[in-house]
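**Q** Copying in the features that TrEMBL gives for the protein in this structure:
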type: ACT_SITE; residues: Asp49; note: active site
type: ACT_SITE; residues: Cys52; note: active site, nucleophile
type: ACT_SITE; residues: His262; note: active site
type: SITE; residues: Glu237; note: site 'Linear diubiquitin binding'
Amino acid sequence: YKLSVSPEMDIMEYCRKEWRGNTPAAKRMRKGYEAVAQKFASIRRIRGDNYCAFRATLFQALSQATQLPTWLQSEDFTMLPENLLSKYDWIKQWQLRQKPGKRMGEISDEIKEYLILLRKKWKNISEIKGPLEKQEACDKLFKNEEEEYSLYEALKFLMLNTAIELYNADKSGRRVPVFSWLLFARDTSNNPCQLMQNHLNHIGHSGGLEQVEMFLLAYALQYTIQVYRLYKYSTDEFITLYPNDPEEDWPVVTLITEDDRHYNIPVRMCQETML
């Protein structure tokens, strides 16, 4: 049994344990961690199983949620699977993590359940006032493997929906963010159908999120994802924002990565930073 989100640990203690050597890479990592430690006191390790970008982002979003996002409140939110299926037959090739090989025609109801679960958990956790109780509720949720992975299926489906919206907007001549062009400029994802077959269906199985998909996740959640990319320390990519021109009213979650593949989370903002 592996913990999805490990208990918190002092950031610099963690860094000393992980990066002992005197190689240029180890020195850069230590500098990076020192910079993060100016803002955050602790780190929590995220279980690495190709879902870590989802896990880190969702954990951070829920642990600071004080209200249900507008997009989660809409009436037709849970109708998404059937609405999309009625327009795009190829969505039947969606792969469910727990049920590989099951046809989408049969799993539209299950995805609907996952979306309902996402709304319910977000609502319940955002209504908890005390920070300790909120943290406990998040810890409990991320110890329930079945619920946790159901939430990731919901996130993946929201990413597909966002990708379809952006693709259609671009095709009809409306302005779209730059990352959307990059997303569909890849040989493996010229359109939303290829994106699903070659990327979204594989997240959690054989790969995690690529950089351009971090933008898509941010857009789907309407959150700014701020990432300390430690191996980029002392370059202007050290702190990267997804998207890089965020909407002002989007909440911000902060993650840490050493390699753009695995993500951990910094916790406990230092007092001076909060002031």
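Every residue gets a Cβ built from N, Cα and C, even glycine.
Describe the structural context of each listed feature in the structure shown, including burial, neighbouring residues and relevant distances.
**A** Residues within less than 8 Å, Cβ to Cβ, of Asp49 (active site) and separated from it by at least 6 positions along the same chain comprise Gly204.
Sequence-distant contacts of Cys52 (active site, nucleophile), defined by Cβ-Cβ distance under 8 angstroms and a gap of at least six in the same chain, are Ile46, Gly208, His262, Tyr263.
Sequence-distant contacts of Glu237 (site 'Linear diubiquitin binding'), defined by Cβ-Cβ distance under 8 angstroms and a gap of at least six in the same chain, are Arg229.
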**Q** Ten-angstrom check, please: count other Cβ atoms within 10 Å of the Cβ of His262 (active site), all chains counted.
**A** 18
